[in-house]
Each structure stands twice: as C-alpha cells, then as structure tokens.
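What follows is a single structure, written as structure tokens, with notes after it.
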Ligand SMILES: CC(C)(COP(=O)(O)OP(=O)(O)OC[C@H]1O[C@@H](n2cnc3c(N)ncnc32)[C@H](O)[C@@H]1OP(=O)(O)O)[C@@H](O)C(=O)NCCC(=O)NCCSC(=O)C[C@H](O)C(=O)O
Ligand SMILES: [Mg+2]
C-alpha cells in the first residue's frame, strides 16, 4: 500500500504501562496505535512503560495497525533511553513531543540513527515556538525520517492559557497553517485528541471539522471514539461515486486533451482528478482492511 493511500483515520493513544489496554489494542478498530511513554505515564512508571512498549512491539500481533511509540523529550531524564529503546524495537514510527524547530528534528533523527529504515519519525506540534517554525520543521523531512505530524492541542492550550472551546476558535490559525505546511512537504497530519470521553456529539463535530481542515485523521484517547472517528474520516459513498465519475470522465476518449469537464453538473479540472484518484485509493485501502 502506498503511504499516501494508507488510512490513518484513527490513532489511539494508550499508556504503554497499561498492559490491559495494550492487549485490547490488538483487537480494536484503530488504524494506528500509539504506545505512550510521555504524558500518560507517571514518572515512577517510565522505565516499566518503556520496557512494556518494546516488548509489545517485539511481540507484534497488531495486524494491519501501525504501531507508534511516543517517547519522552530529549530534554527529560528519560528521553535518550526511550529513543534508544524505540530505535532497537523498530516500530512503524517514533513520535516525539514538543518539537520547536528544525534543530529539534535533526536531534531526534540522530537519536534514531540505529533504527531500521522502516521506522519513521513523527513529531508533535504543540508548542508556541513550533507555531512560528512550522515551515522549517516540515522542510526538515527532506533530510530526515520525518513523515508525519500530530497536533497536541492540550499542550498548546496550556502554553497559550487558552480555553478549549467547542468550536476550537483559539486554535484555528495553528491548525490551518499546520495542515498547509504539512501538505507542502508531503507529511501526514493528524488532529489532536477530544478530551471528553462521553461527549460523542462533540467528538463527531470536531472530527467533521478536522476533515474540513484536511487532516488525514485524528488522535484519540478512548476506544469509544473509534467508530465515529473512523466513519467521519472515511470517504463517503457520495465522495467515492463523484471521484469515480471524475476518473471515468477524464479517461473517456472524447475528453482527451481537455483540462476542465462538467461531471454530474459540477466542474472537474485535472486538480480534481488527482484528488479523486487519491480518494479512491484511500477508499480501496479501507475496504481491503475491513474485508
Ligand atoms: C482516559 C482514561 C484514563 C480513562 O480510563 P477509564 O476510565 O479506566 O476507561 P474505561 O473504564 O472507560 O475503559 C473501558 C475499557 O476500555 C479500555 N481502554 C480505555 N482507554 C483505552 C485506551 N486509550 N486504549 C485501549 N484501551 C482502553 C479499558 O482498559 C477498559 O477495558 P476493559 O476493562 O477490558 O473493558 C483512559 O482511557 C486512558 O488512559 N486513555 C489514554 C490516555 C493517554 O494515552 N493520554 C496521552 C495522550 S493524549 C495527549 O497527550 C495529547 C497531546 O500530547 C496534547 O498535548 O494534546
Ligand atoms: Mg502533548
């Protein structure tokens, strides 16, 4: 499966120290599992969580789910050992927190030098400094393992002293600019978590908002959020039908050499063709996963 068509609708965090949750993850309908060593793990559990994350990656059994280890920062007592252990375990990706600039990306990339080639670097975007270095952080992907960003709205809100309002108004500029910078450099980008476990209507609204922004998917903190998130971030039957019609229209001999067409009453240009091809690929990847 090409990386661009890989479904990353839902990425479920869990404390790596929670053996029951990690076991459960092997059966949950999440596209990505994030074994957390950072904020979800108390200081006295950090070493045990690291060992559990490494053991889980080595044991496998996660099927099609991508496995990601989120480490502590290199500026903490645990970061360097977390990164060394994660590099040795070789998950699909290592997610690192509180990256501020391109120098941070280079430092984390260097810390993963011994990791297998398939292990990618993902970074959290969650600091005020990062907000002013989005372009250079994304550009660092050309000379590093960096392939995805994850929004950390909780940490950003904490730094800003902002309120997490239902419409997420305080974060809209950061979310828009982050998607723009990520897209410009071909990165996957996942939205932040919805903290209210029981507020499924609010979750659905922010998932829809995330789709509108262009996020590939959303990070989650509870299995209850998986169904809504997967549904909202999947291409809808209408979108698939429109995309197939656009692809067919551009293939038709009578449209050879044309740049703009009328498809089902709407204009379709070659830029829509590219979008349609990607959407159909994502839909096929999701169908293959379910089937
Ligand atoms: C938030 C929780 C602590 C709530 O836990 P709890 O009240 O115990 O949950 P439930 O009783 O409802 O659990 C029901 C069953 O589901 C399993 N479960 C719960 N959560 C998870 C999970 N995340 N992954 C897998 N399985 C989960 C329970 O084990 C129960 O199973 P069973 O007994 O068999 O029925 C808890 O949900 C939790 O720890 N969530 C993850 C917290 C986390 O990882 N936080 C860090 C990431 S968020 C963040 O830092 C974002 C970013 O950095 C930012 O700045 O924004
Ligand atoms: Mg955070």
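Just so it is clear, glycine is given a Cβ too, placed from its N, Cα and C backbone atoms.
Feature annotations, courtesy of TrEMBL:
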DOMAIN    9-223  domain 'HpcH/HpaI aldolase/citrate lyase'
BINDING   70, 126  substrate binding site
BINDING   126, 155  Mg(2+) binding site
Request  = Compute the C-alpha separation of residue 126 (substrate binding site) from residue 155 (Mg(2+) binding site), stating it in Å without decimals.
outcome  = 6
Query = Checking the binding-site residues 70, 126, 155: which ones have Cβ within under 6 Å of ligand 1?
reply = 126, 155
Key: Whole-number mean of pLDDT values that fall within the domain 'HpcH/HpaI aldolase/citrate lyase' (9-223)   = 98
Remark   = Around the Cβ of residue 126 (substrate binding site), other Cβ atoms within 10 Å, all chains included, total 24
Key: Around the Cβ of residue 155 (Mg(2+) binding site), the count of other Cβ atoms that are within 10 Å   = 20
